[in-house]
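Quick notes on the structure that follows.
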Amino acid sequence: MLCTAPPPLLHLSILSKNPKFFPTRATHHNRPSTAPPFTVRSSSSVKEIEKPIENPPAVREGELSSSLRDSAPFPPIRAAKRVVLVRHGQSTWNEEGRIQGSSDFSVLTAKGESQAETSRLMLIDDAFDVCFSSPLIRSKRTAEIIWSARKEDIITDSDLREIDLYSFQGLLKHEGKAKFGSAFRQWQIDAPNFNIDGHYPVRELWARARSCWTKILTHESRSVLVVAHNAVNQALVATAMGRLGTEYFRILLQSNCGVSVLDFTPRIEGGSPYICLNRLNQTPNSPVAGSSAGRKASKRMVLVCHGSSQGSSEARIPCTGDTPMNMLGIIQSQKTAELLLDLKVSAIVSSPKVASVETANVISQVQEAADCLGADCVPRYVELKQMQDLDVANILQQSKKASDISLDASEVSSLQSSWLNGYEAEVKTAIWVQLGQAWKSLLEELSSEPEVENIVVAVGHPVAHIALMGHCLNLTKEWMGSFHLDAGSISVIDFPDGPAGRGVIRCINYTAHLGRWSIPITRSVTDDEVF
């Protein structure tokens with residue numbers, strides 16, 4: 001079943017404007033740390049819902065399984081549905097480093113309003129049918145900015161509020177450490193089992209996200225905008241992606257105004273739909289700047305899909321990369337090299353296929369020249385390596401399925417997400433095993449200089465990167481059809497605990513750096529085809 005890419009409609013650029021200042025409330029440290037019941041204010045674009053936010057009942061240990069394996073399947077859908085998740089812009093409490101949870105005392109900063117405006121411009125031509133929003137002020141204001149002149153109401157739902165953190169809310173980090181000691185430490189290192197005031201906040205959040213999906217999927221719409229918060233958006237992505245459990249909290253990063261996209265496709269036989277993660281955390285700012293969930297990472301892996309390669313009507317395997325890059329691919333590689341100038345890359349490892357080697361060479365040349373703009377500078381050397389295990393084209397070409405695929409030149413440079421699902425089990429197994437070895441080798445490359453910052457760029461076929469991310473997330477080969485990557489995209493993995501620790505996914509299928517050649521996030525208002 002193919003989860004097809006949307007048609008070209010929008011050239012994403014990193015824009016900045018001077019938005020009108022949104023008056024902020026004064027924030028006082030002695031305010032109560034949880035939000036009182038409130039009524040959502042009505043406006044021309046916001047549907048008024050008088051619904052107090054109530055503290056959910058305490059969850060006893062063991063009551064919610066971390067994997068949610070026993071929960072009911074998602075409701076069936078009648079038509080393909082795309083859901084775009086956006087986190088709110090920077091808030092006053094984000095800026096202060098204060099624990100917000102589901103409290104409602106912070107508002108967007110001027111920077112937060114600007115981020116929301118960038119998101120509005122990014123999504124301006126989209127054919128959204130409906131917008132769901134958290135009722136908390138910082139999220140609802142972000143939704144209002146993005147929704148702008150659209151006539152449909154914004155539907156607020158208290159289940160989309162941020163994680164309930166009870167007595168923690170309103171505290172600065174050092175205050176949390178001083179007041180709660182071991183409990184605060186558990187929140188930092190073992191959040192799924194963190195208990196406060198008789199509650200397990202992360203487990204409650206996961207159950208609430210599951211409830212949100214039922215409401216979103218049963219709504220009569222094809223294109224849905226959801227504006228909410230960091231933790232709840234993480235939970236929404238995790239519970240949609242095969243119901244990943246609470247152990248994935250803080251693994252799927254959500255930055256301020258970061259955009260994540262999920263595609264749901266109906267099954268012919270009915271039942272829970274096919275689900276595909278089209279992209280994760282496409283941000284208004286550079287995806288390679290900043291920390292991972294507030295933690296600095298000295299080890300990072302950047303997965304670069306090689307640029308589009310030359311093809312013809314005789315092409316049998318999409319995007320194999322065994323021919324030189326075409327003009328679009330050259331532009332894509334140059335744009336990627338420019339984006340990575342914010343980093344000092346230690347090594348570039350590529351598949352031996354032509355398009356991957358060419359992409360790696362462009363990145364290397366720009367990296368080496370970056371520190372040598374003055375007359376007396378000496379170019380910095382970046383090590384280039386080739387890794388046979390990153391080459392998946394030979395496995396795909398040996399499949400019986402290969403003879404059944406015929407694509408025209410315009411399709412060769414793009415890989416559809418669930419395209420892998422049609423391949424034989426032994427082909428997927430071979431890819432999974434081979435890329436497992438590649439993953440181990442890349443981790444060893446990151447470990448080669450334990451005391452210094454180490455950034456490794458891996459360049460290869462989209463299928464290779466899908467498998468690498470699967471290994472990073474401790475998934476199985478059955479998950480490979482649940483991810484989508486485009487030629488020229490990048491995905492970033494941070495290792496705040498070093499290569500031996502868990503990887504934090506900063507972004508997947510980021511394409512904003514491609515400018516006018518970027519892959520649009522959303523569906524055109526003039527397009528009536530299945531996306």
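Yeah, the Cβs are placed from backbone N, Cα and C, and that goes for glycine too.
What TrEMBL records for this protein:
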REGION    24-71  region 'Disordered'
BINDING   ARG87, HIS88, GLY89, GLN90, SER91, THR92, TRP93, ASN94, ARG138, LYS173  substrate binding site
ACT_SITE  HIS88  active site, tele-phosphohistidine intermediate
ACT_SITE  GLU162  active site, proton donor/acceptor
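Across the residues annotated as binding substrate (ARG87, HIS88, GLY89, GLN90, SER91, THR92, TRP93, ASN94, ARG138, LYS173), the two Cα atoms farthest apart lie 22 Å from each other.
Looking at ARG87, HIS88, GLY89, ARG138, GLU162, the recorded positions in this record, the fewest other C-beta atoms within 10 angstroms of the C-beta turn up around GLU162.
TRP93 (substrate binding site) counts 21 other C-beta atoms within 10 Å of its own C-beta, drawing on all protein chains shown. Long-range Cβ contacts of SER91 (substrate binding site) within its own chain (separation 6+, distance under 8 Å): GLN100, SER106, VAL107, LEU108, THR109, GLY112, ARG138. Geometry remark: GLY89 (substrate binding site) versus the residue listed as 'active site, proton donor/acceptor', CA distance 14 Å. For the pair formed by GLU162 (active site, proton donor/acceptor) and TRP93 (substrate binding site), distance between Cα atoms is given as 13 Å, rounded to the nearest Å.
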